[in-house]
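Feature annotations, reproduced from TrEMBL:
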- Arg16: site 'Important for substrate specificity' (SITE)
- Asp76: active site, proton acceptor (ACT_SITE)
- Thr77: site 'Important for substrate specificity' (SITE)
- Gln159: site 'Important for substrate specificity' (SITE)
Amino acid sequence: MDDTPPRLHLASRSPRRAELLEQIGVRFTRIDAEVDETPRPGEAPGDYVRRVTRDKGRAGWAQVEGCADALVLAADTAVVVDAEILGKPRDRGHALEMMGLLSGRCHRVLTAVALVGGAGEAVRVCETEVRFRPVSPAEAARYWESGEPRDKAGGYAIQGLGAVFVAAITGSYSAVMGLPLFETAALLAEAGLSPLAPPAPGAG
Ligand SMILES: Cc1cn([C@H]2C[C@H](O)[C@@H](COP(=O)(O)OP(=O)(O)OP(=O)(O)O)O2)c(=O)[nH]c1=O
């Protein structure tokens, strides 16, 4: 077993992001990175997720900079309808309003992922189209009561009960859930941390 400290630090409090990163088998530790997630006036959604993700990565990097070979991974997810960024619901009314906006139509989910290290930083943005079936106000209210929408961008979780609303998706399922694994693996490979690299000689 490899008992050296992992090079990779996931700057996220999201349990979904940790679960997704575990899925591709890379070793990592978790750190917190608190940043201001308020969109700027007129900021395009793609620019917004890129900026917030980069800020999370840099905030994480400030905590581990001294560690040799350290890398910090961070991500941010925004649900976008009619160019409007839907964040996490503030309360029940806000959540039901969001469901009304998503019901019976397509929206975009933008997730950015950043990798920050001593050699610099790289950010990728992944865009996915999600189509919802019509959702009645009564269903939206019962969904709120399930507790699931509370800490989720757009007020739903594709990996949970929210899946019953998702008629189709074009793009990346893992990105909608919070971490685009294809783009993450590509960034890690560029930094010499390929999930499928052969084990180092002598590692057992
Ligand atoms: C759309 C959608 C979002 N989400 C979640 C993923 C993220 O946790 C959250 C989006 O909020 P974010 O602000 O991207 O992330 P976070 O505040 O939860 O975590 P951190 O900044 O510490 O990394 O919504 C799902 O779990 N499933 C979904 O289908």
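Backbone N, Cα and C define each Cβ position, glycine as well.
Note: TrEMBL annotation is automatic and uncurated.
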Worksheet, complete the sentence: Around the Cβ of the residue listed as 'active site, proton acceptor', other Cβ atoms within 10 Å, all chains included, total 26
Worksheet entry | In the chain carrying Gln159 (site 'Important for substrate specificity'), residues 6 or more apart in sequence that have Cβ under 8 angstroms from it | Arg16, Met177
Worksheet item: Tell me, by DSSP, whether Thr77 (site 'Important for substrate specificity') is helix, strand or coil?
Response: strand
Worksheet item: Within 10 Å of the Cβ of Thr77 (site 'Important for substrate specificity'), how many other Cβ atoms can be counted across all chains shown?
Response: 28
Worksheet item: Taking the Cβ of Arg16 (site 'Important for substrate specificity') as the centre, how many other Cβ atoms fall within a 10 Å radius?
Response: 19
